[in-house]
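Engineer: Handing you a structure now.
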Amino acid sequence: MTDLEKMREKLQNQINYHNILYYQKSKPEISDAEYDELKKKLAAIEPEAYATQDSVGAPPDERFSKVEHQEPMLSLENAYDEQGVEKFLSKIKRFLIADEIEILCEPKIDGLSFSAIYEDGKFVKAATRGDGFVGEDVTHNVATIKGFPKFLQDVQGRLEVRGEIYISNSDFLKLNENNEFANPRNAAAGSLKQLNANITAKRPLRYFAYSLIGGIEKSQSEVLEKLEKLGFCVNEHRSLTSSLNGMLKFYNEIYDCRYNLDYDIDGIVYKVNDLVLQSRLGSTHKAPRSALAYKFSAIYAKTKLNKIFIQVGRTGVLTPVADLVPVNIGGVLVSRASLHNQDEIKRKDIREGDVVTIKRAGDVIPQIVKVDEGSRHTNMPEFVFPDICPECGSKVQIEGVAVRCPEEFNCKAQIVEKLKHFVSKDAFDIVGLGEKQIKFFYDLELIRQIPDIFILEERLKEFSLKEHHGWGEKSIANLLSAIQSRRVISLDRFIFSLGIRFIGQVVAELLANYYVSYDNWYNSMSSNDVELVGIDGIGEKVAESLKSFFSQERNIKMLNDLTAYLQILPVSSNSSDSFLNNKIIVFTGKLRAMSRGEAKVRAKVLGAKISSSLSTKTDYLIAGEDPGSKYKKAMELGVEILDEEQWNRLC
């Protein structure tokens, strides 16, 4: 084999490797610009071989059924500077022999491409991009996405909708409590590619639709308007222009405001607006000639990693954080970066003293993407993750990728974080009681557990707070007034405020809606009657976490002490006028649009009574896929049977 052939093979192997990391595993190790550079090098060595490559992604994941795309899901050509955009516009003008062409500009969402098929208005299939020609079947998972249309009114024949699935930055921060995911795209990919759709249903997936195949629209702008009318989520940021200046103006406007968006974008997509002209332009084997992705300049910088320190969170998870020599990235001074977990440190071989490349994306904490091993001194040791908690000295426990301190009642860091969570905006929202004040009161032994907050006024009668810097009569009065005003709270916020592991806002709301009152919830949990939670589809992790929490006598005492100072409002229901009020309902089979637990919660909120067995008193059987023997029995008993679509319309 010649040196040139060896180089070609090496480049091809590198490209294939990075294709799998990006498209299948959603764990890219290099930037888009570096990836494009590999492709350019291969093209320079053997243009013809490169031009005949078929793949535009990665092979489909073997765990999923395969779906062949009737029209390939091609990738887009990229540009990284204004010259690339100008070249694209000039090229299509020459091809079409036109002086002016209307271009639609849209943000490029940093998510996962999907395709959804509808037959006579009914949602029947969803697939990932895969290699562009064959994708993975993710129908049941896409069906769980909140607000995703399952039926389109007045649509006949086959219609295909394409778009991008993502997780918002705010949802990502809530979801990633245990630092399981590196970024929102990674979280979205992991959520969409679950073999169990019930897991996907609990993840905050969202989507934007941008393409319609099988419609009668004449332009891309009409396509977006049609998608909106059909009930799909469409990105509001878009602009029509016929000039290079207009294209660049939109790029600059979005570039400047991108950090105000609650989702990641990595550039702008330019599309020829006229669909007839798109068809005339056609495509190469990899990308349509009618579109271009103008990627944002990578927001990277190199700096030195001084030290890796460990933070202990509310649930005891130990998270490594990099302390950096401060560096300016995109106008922001960065001095810390997330290292996620010990597996991430090992995979990238990150060591204290390394020169590292930092990437800043959106509002997510900056990340280390690469180590400059050439700058590393020979005697720099590997980082050893601690086997004891740096805050309390307890032996840690390994749980998957997470390392946890088990001493939740004795570890100062965990107690302080729990107190911070309890008073946070989405929980009790006590103004004036932030991290600084909590640590201050903790060190003075005035607040050592949650109930102490509500007896702080009593304790301060025997303590001269005004002697301490920053505290005067007014600030003390304001704090005590803020605490007093938060003695009445809704059940869902109360459950969320406790900081129980895996109980976020969504699960807290599900529990509140199911149990309706605090007494119902407390009595059920403290009597170990959490089997119901598992049946409802809230999940094994949540059920086990609740069991663990209520098995601790100190938690039971804390709840009893705390609730003595509070009024916890039951869930109000406007179910009296509901069609389902006082109706007895039984569920059977698999539901596609929501988990069984969510369906039962919705039914209870509407006033229905849920039963696990059929009888002549049953009003409705809600039948999903593979309903089993209950379906036959319902027919024998004369019970009215509703399919999932009918059920969705009711609730």
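Every residue gets a Cβ built from N, Cα and C, even glycine.
This is the feature table in Swiss-Prot:
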BINDING   Asp32, Ala33, Glu34, Tyr35, Asp36, Ser75, Leu76, Glu106, Arg129, Glu164, Lys271, Lys295  NAD(+) binding site
ACT_SITE  Lys108  active site, N6-AMP-lysine intermediate
BINDING   Cys389, Cys392, Cys405, Cys411  Zn(2+) binding site
DOMAIN    575-651  domain 'BRCT'
Engineer: On a C-alpha basis, identify the one among Lys108, Arg129, Lys271 that is nearest to Cys411 (Zn(2+) binding site); the candidates are the recorded positions.
Structural biologist: Lys108
Engineer: Among all protein chains shown, how many Cβ atoms are found within 10 Å of the Cβ of Cys405 (Zn(2+) binding site), not counting that one?
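Structural biologist: Excluding its own Cβ, the number within 10 Å is 27.
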Engineer: Rounded to an integer, what is the Cα-Cα distance in Å between Cys405 (Zn(2+) binding site) and the residue listed as 'active site, N6-AMP-lysine intermediate'?
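Structural biologist: Here the two Cα atoms lie 41 Å apart.
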Engineer: Write out how many residues of the domain 'BRCT' (575-651) are helix, how many strand and how many coil, based on DSSP.
Structural biologist: 29 helix, 17 strand, 31 coil
Engineer: Tell me, how many other CB atoms lie within 10 A of the CB of Cys392 (Zn(2+) binding site), whichever protein chain they belong to?
Structural biologist: 16
Engineer: Neighbour count, 10 Å Cβ-Cβ cut-off, for Cys389 (Zn(2+) binding site): what number do you get?
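Structural biologist: A count of 23.
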Engineer: Sorted by position, what residues of the same chain at least six away from Asp36 (NAD(+) binding site) have a C-beta under 8 A from it?
Structural biologist: Asn78, Tyr80
Engineer: In whole Å, note down how far the CA of Lys108 (active site, N6-AMP-lysine intermediate) lies from the CA of Leu76 (NAD(+) binding site).
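Structural biologist: Rounded to a whole number, the Cα-Cα distance is 11 Å.
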Engineer: With an 8 Å cut-off on Cβ-Cβ distance and a minimum sequence separation of at least 6, pull the same-chain contacts of Lys271 (NAD(+) binding site), or say none.
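Structural biologist: Ile103, Leu104, Glu106, Gln220, Gln278, Ser290, Ala291 - these are the non-local Cβ neighbours of Lys271 (NAD(+) binding site), listed in sequence order.
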Engineer: Could you state the CA-to-CA distance between the residue listed as 'active site, N6-AMP-lysine intermediate' and Arg129 (NAD(+) binding site) to the nearest Å?
Structural biologist: 16
Engineer: Quick one: pull the CA-CA distance for Arg129 (NAD(+) binding site) versus Cys389 (Zn(2+) binding site), whole Å only.
Structural biologist: 43
